[in-house]
Amino acid sequence: MSSSATSTQAFSLKTRQPIPDEDALLTEEDRILKQATKGEDCTTRRRACKNCVCGRAELERKLEAEGKLEAEALAMPPGGCGNCSKGDAFRCANCPFLGQPAFDATEDGKVKLNLTDDV
């Protein structure tokens, strides 16, 4: 090292700043526990879940018994984006095929599995 190039220390381990109190950083609004709220109607699916706890399954059964809810209305229609057959990475948020594997679009949404050996 040459005498003209001197290294200077940009920080010092001896000058420690006090650690701020974590409780002082929170406001009263942050301390209030927020209750998770569930939507009034489950709009993420076209039908009620198998283990429905929100009451939508009972409502659908009641409407179906009264004849106000048609069986076709409960059937899963094809999505509007046109990417339903490609897989979850390409599907829209309200796609009725979310969570299902990719399929051949010419077979009306039937999943065709490859059952051949890889070896």
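Cβ atoms here come from the backbone N, Cα and C positions, even for glycine.
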Residues flagged as motif 'Cx2C motif 2' in Swiss-Prot, choosing from 56-59, 72-75, 92-95: 92-95
Candidate with the highest Cβ count within 10 Å, taken from the binding-site residues CYS84, CYS92, CYS95: CYS84
